[in-house]
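Peer 1: Just dropping this structure here.
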Amino acid sequence: MVSCSLERLEDKIRTFSKFGDTGRGGITRFSLSPEALAARAEFKKRMEAIGAKVVTDDMANMYATLPGSENLSAILSGSHLDSVKQGGNYDGVLGVLTAMEAAETIVRENIPHRHPITVIVWTNEEGARFEPAMMSSGVICGKFDKETMLQSVAKDIPDYTFGQALRESGYAGDEKNRLSPDKHMALLELHVEQGPVLEAEGYDIGVVEGVCGMINYEFTFLGQADHAGTTPMKYRKDALYAAAKTIQYLHDELDELDGKLVYTTGKISCHPNIHTIIPDEVKFTLDARHQNPAVLRQVLEIIRKIPPEVEKCKVSYAEAWSRKTVAYAPELVDIVEKSAQECGYTNMRMYSGPGHDAQYVADVIPTTMIFVPSVEGHSHCELEYTPVSACLKGANVLLRTLLLIDKM
Ligand SMILES: [Zn+2]
């Protein structure tokens, strides 16, 4: 069985880790920044060197295509090259590098393929500098309005828009190059798991069945601001105490639901946030994720049981946003599983908690993902790490899956 090259993959990982190197084992590589443009240039150079034709669409998504032996639609694989601030060397970029390595193996080993093979690089997946995340896949898959996205303002430079960055990058291409069902038959995205499950359970490969649905609620507690030194406890309306009791209630109840449910209160604000004043307004968020919509409905029932008044404070809540569970193409999920088995790698089926570009593409063409383990589950930080031997297993499953799809 043909295998990708460990040495070549290691070289790719090492080379790309220099673009935006923080010097502490990670990278800061915001989309369309000079560092990201250097990574794009390296991608283009390497793909052209193996005979690929590289084009971009109007959102600067890059498509590097090796022609097939027949006039058929292309099989796509790739991910993103941008990172969060002080992120790691694997999130996104590994999906591009393994797709490049699979393509290079096909070329060097002269493996025949009927369909064109295209390695794709998405623009602005992280949304770290220009919100929202998954911006460009969202635009071409009809989730976001392009004109609105072009107006997105950089978090670090006043009035500097995504549209300006796009024009100045030199990578804004033709709308006709966009991913579309008439030109592309399937998409595969390899990604690091970004969680601890595969490593902890001892699996080489995650066979991704879809992306978890999620709900995000914002709660508000209204109390009364009074002097911390003069107001006896029984007269107080302390909004922070009411919020804390509610967070405890939510944990107690949500822990009784399905063990795969994950939920987080990650954002909290307290007004006036002064140590001598009883808080009069407190807000917090609840993010809950599960693959089964019925479990998320149970979460909602628990939220609805919160009384309108807690500890004499008024309680209100509203949905900030939500996302439906995305199911990947079952026939492709089966092929990934088969490929992992044929390679002799241990594997488990799982759902993705984080969002990925692939989830938008899933509405347009058959799509699926491959996960490789994240050491200790760290991601979106400089500790993010996957040994190259584990990355190679992912690349081999990707290569095998591409070649099996080519025979379909
Ligand atoms: Zn990513």
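Note that the numbers count up from 1, one per residue, in the order the chain is shown.
Including glycine, each Cβ sits where the backbone N, Cα and C put it.
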Peer 1: Pick from E70, E109, E126: which one does TrEMBL list with D91, H380 for the same Zn(2+) 2 site?
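Peer 2: For Zn(2+) 2, TrEMBL names D91, H380; of E70, E109, E126, the listed one is E126.
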Peer 1: Starting from the Zn(2+) 1 binding annotation in TrEMBL that includes D91, H191, which of H80, H184 is the extra site residue?
Peer 2: H80
Peer 1: Going by DSSP, how much of the domain 'Peptidase M20 dimerisation' (212-306) is helix, how much is strand and how much is coil, in residues?
Peer 2: 31 helix, 29 strand, 35 coil
Peer 1: When a 10 Å sphere is centred on the Cβ of E126 (Zn(2+) 2 binding site), how many other Cβ atoms does it contain?
Peer 2: 23
Peer 1: Across the whole of the domain 'Peptidase M20 dimerisation' (212-306), what does the mean pLDDT come to? Round it, please.
Peer 2: 97
Peer 1: D91, E126, H380: which of these binding-site residues put a Cβ within less than 6 Å of any ligand 1 atom?
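Peer 2: Those binding-site residues that pass the cut-off, since their Cβ is under 6 Å from ligand 1, are D91.
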